[in-house]
Amino acid sequence: MDPVDPNLESWNHPGSQPRTACNKCHCKKCCYHCQVCFITKGLGISYGRKKRRQRRKPPQGDQAHQVPIPEQPSSQSRGDPTGPKK
């Protein structure tokens, strides 16, 4: 292995940064581009803000899914299920 100049910062060591910039491509070659690309693209781990997904609006005028729920018969009181004690 080549000796590393101790006066250089660790991020300036040879081989510490890839020769090409990272891009948004998710092909196999780009997923293994560097450690950051592997973590974000290959493993799908990102620690940034999560975008809020918008809710899908129901289609207008479609009442097929708006079936009313039939009421359930009321159950007996919540006391002893065997009945009142004498």
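Quick reminder: no glycine exception, Cβ is built from N, Cα and C everywhere.
Annotation comment: Swiss-Prot describes 1-21 (among others) as region 'Disordered'.
DSSP places the residues of the region 'Transactivation' (1-48) in helix, strand and coil in these numbers: 15 helix, 0 strand, 33 coil. Annotation comment: Swiss-Prot describes 1-48 as region 'Transactivation'.
Residues or ranges marked as compositional bias 'Polar residues' in Swiss-Prot: 9-20.
Annotated site 'Essential for Tat translocation through the endosomal membrane' per Swiss-Prot: Trp11, in sequence order, evidence recorded as sequence analysis.
The Zn(2+) 2 binding site feature in Swiss-Prot is assigned to Cys25, Cys27, Cys30; the stated evidence is sequence analysis. Cys27 (Zn(2+) 2 binding site): 10 other CB atoms within 10 A of its CB, across all protein chains.
Counting Cβ atoms from all protein chains shown, Lys28 (N6-acetyllysine) has 9 others lying within 10 Å of its own Cβ. For Lys28 (among others), the entry in Swiss-Prot reads N6-acetyllysine.
Under the heading compositional bias 'Basic residues', Swiss-Prot lists 48-58.
The region 'Disordered' feature in Swiss-Prot is assigned to 48-86 (among others).
Lys50 (N6-acetyllysine) falls outside any helix or strand according to DSSP and counts as coil. Under 8 Å, Cβ to Cβ, and six or more positions away along its own chain, Lys50 (N6-acetyllysine) finds no residue. Summarising the annotation, Swiss-Prot assigns N6-acetyllysine to Lys50 (among others) and lists sequence analysis as the type of evidence.
Take the CB of Lys51 (N6-acetyllysine) and look out to 10 A: across all protein chains shown you find 6 other CB atoms. Look at Swiss-Prot and you will find Lys51 (among others) tagged as N6-acetyllysine.
Cβ environment of Arg52 (asymmetric dimethylarginine): no same-chain residue six or more positions apart lies under 8 Å away. The asymmetric dimethylarginine annotation in Swiss-Prot covers Arg52 (among others).
With a cut-off of 8 Å between CB atoms and residues at least 6 apart in sequence, the same chain places nothing near Arg53 (asymmetric dimethylarginine). The asymmetric dimethylarginine feature in Swiss-Prot is assigned to Arg53 (among others).
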Between Lys51 (N6-acetyllysine) and Cys27 (Zn(2+) 2 binding site): CA-CA distance (Å):
23
Ordered by sequence, the long-range same-chain Cβ contacts of Cys25 (Zn(2+) 2 binding site) under 8 Å (at least 6 apart) are none
Please report how many Å separate the Cα atom of Lys28 (N6-acetyllysine) from that of Lys51 (N6-acetyllysine), as a whole number.
25
Sequence gap of 6 or more, Cβ distance under 8 Å: name the residues on the same chain that satisfy this around Cys30 (Zn(2+) 2 binding site), in order along the sequence.
Asn23, Cys37, Lys41
